[in-house]
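*Asks:* A single structure is presented below for examination.
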Amino acid sequence: MDNRFATAFVIACVLSLISTIYMAASIGTDFWYEYRSPVQENSSDLNKSLWEDFISDEADEKTYNDALFRYNGTVGLWRRCITIPKNTHWYSPPERTESFDVVTKCMGFTLTEQFMEKFVDPGNHNSGIDLLRTYLWRCQFLLPFVSLGLMCFGALIGLCACICRSLYPTIATGILHLLAGLCTLGSVSCYVAGIELLHQKLELPENVSGEFGWSFCLACVSAPLQFMASALFIWAAHTNRKEYTLMKAYRVA
């Protein structure tokens, strides 16, 4: 194996490993989107009701999003979290001090919720199904797992290529990484579109802002790494095969 191709193969493997780690970390963390709002210190009946509704298994889209807006919520592919006062009371607590403690409460999305229809008017089941948001949500949930699976399958093929001491099978690895990159890019695009459409229907309250979190950024970084690894795998395998064919033809001549 030519040193050029071996170097390209090693670099592609490193890029593939980094992108896999980034993708796995992105899927497993809860910071795809973050809301920033003033901390709600007042444990009134309304706040208590919002907290209880948030952790309820029957919370609809509008219910848990209202809590996310008010309580510095973060959203991942699997869970949603809010930050609330650690010691809650049914009366208004004393004036806030530096020792004021908060705790993060998280609630996971069940498989039923992941595939549940989204409504034109969030929370109103009589408003009709919003097909666009429904399929965007499903794609943003499924595509990262497809991407991760393709990269793992490509790694197995690459391992076989090492055992066989041949670069030719890595063409398949390159194609799988290309497809994985497209899936990751599609997931990121679906997530951005879904968030924008949600905020058009549920406007953020005053003094509340939202931004994409570091989990989302990891997915964004993973996509170009997958494309670069794919290009190196395919280039190394194709060029090595071409030079081998030319050398064989030269020897025959």
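A Cβ is built for glycine as well, from the same backbone N, Cα and C atoms used for every other residue.
What TrEMBL lists as transmembrane segment is 6-27, 141-168, 174-195, 216-237.
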*Asks:* Looking at 6-27, 174-195, 216-237, which one has the highest count of Cβ pairs under 8 angstroms to the transmembrane segment (141-168)?
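*Replies:* Answer is 174-195, with the largest number of Cβ pairs below 8 Å.
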*Asks:* When you scan the chain for residues with a C-beta under 8 Å from the transmembrane segment (6-27), skipping those not six or more beyond its ends, what do you find?
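*Replies:* Contacts of the transmembrane segment (6-27) (Cβ under 8 Å, skipping residues fewer than 6 from its ends): 77-78, 144-145, 147-148, 151-152, 154-155, 158, 167, 170, 174, 177, 184, 215-216, 218-219, 221-223, 225-226, 228-230, 232-233, 235-236.
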